[in-house]
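Engineer: Please see the structure below; I have some questions.
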């Protein structure tokens, strides 16, 4: 903790829990006193429980991307804005259910029975959120109430009781969680028009996200966190979204008909996978853990800026699903794209092309900004993003096949990744990794 000497000893395998947390004398698996973990702990990575928690996100994110793709494919042009707004709200409901667990676990993660029960309760809440996204939007609020009750009682208030040095901050976090949850309930009850719902969402989402910033800025004793553990947790969420994009792509593809392979579908599949591979490569060139360790002032930017990165990847998953469906418009898989409605059929390919391009562009511009990289590097990423948007503007409505268009999107990305890899070999610094 700040202001105190820390004695580091070498621990054997028997001295650690399943989460990798060092054990203490007179502690048992049934109950361990909540103490802030040492942010300098060596080799801190995600625990088995955290990985299990993340599996719930797979279910919820699949529902978000699937609903977004279906809505874009079937709605008319006048309501596209409403569809995008709803997508952002649904994605936020999942991402914001994950965020508090990540940061609390980085500080504590005692891995005893009460901690696991609290985690299970939050997992049940996320399952209810996913069900609400898929079937009944009112279920999202029910899920939020469940997961916030378990988070507040089993995590924050328990930590406030047992961790005296950080009692004030945990109480603030717990009270803020309760207040914002009441706000979400009020929105459900009293916001009856689309505009009022949107305004309430913006206000409540801002309060929900930045209450943590307010708590930390007003704390005399700062809450410790492990930068490399946080980086690992965000990387896992990113990997889940790449996996969701692959899943969405596979759901839209029919690579082989009853007689032969579909060349257009194969072209879309390989081009889309290449796009995802290049975007993955760019993300993991940036050592976010080292960045937060060496420059703590970047922590809030990295923590909250990832929302935009992750949102872009979720939108890309929906875009790739639509792109795959356009490769074989006569299959039963995408009947909703080949209805007799001219508007829906006519804009299926342009919609997919633009959604993929815009998603990639947002991702590319956000990545260096989140990492607080120099302006010259941000400009280079922006040039690549602009190139892809330019290709969409020129060719989205042309007779070019979807596969060919995706391959063209790959060209500026491939050049950028090759340049980044070359510079990485020349300079080992954090900036050089994405130069």
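Note: Cβ is positioned from N, Cα and C throughout, glycine not excepted.
TrEMBL does not curate its annotations; it predicts them automatically.
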Engineer: Could you tell me which of the ranges 174-195, 196-217 is annotated in TrEMBL as transmembrane segment?
Structural biologist: 196-217
Engineer: With TrEMBL as the source, identify the stretch among 307-327, 328-348 annotated transmembrane segment.
Structural biologist: 307-327
Engineer: Could you tell me which of the ranges 32-51, 352-371 is annotated in TrEMBL as transmembrane segment?
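Structural biologist: So the range that TrEMBL calls transmembrane segment is 352-371.
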Engineer: Would you mind listing the long-range same-chain contacts of the transmembrane segment (307-327), meaning Cβ under 8 Å and 6+ residues beyond its ends?
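Structural biologist: Contacts of the transmembrane segment (307-327) (Cβ under 8 Å, skipping residues fewer than 6 from its ends): 61, 64-66, 68-69, 72-73, 87-88, 91-92, 95, 209, 237-238, 241-242, 244-245, 247-253, 262, 264-265, 267-269, 272, 276, 279, 283, 333-334, 337, 348-349, 351-353, 355-356, 358-360, 362-363, 366-367, 370, 401-403, 406.
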Engineer: Can you find at least 3 Cβ pairs under 8 Å between the transmembrane segment (113-133) and the transmembrane segment (404-422), where each pair is 6 or more residues apart in sequence?
Structural biologist: no
Engineer: Is the number of Cβ-Cβ pairs under 8 Å between the transmembrane segment (237-259) and the transmembrane segment (265-286) three or more, considering only pairs separated by 6 or more positions?
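Structural biologist: Yes; at least 3 Cβ pairs under 8 Å.
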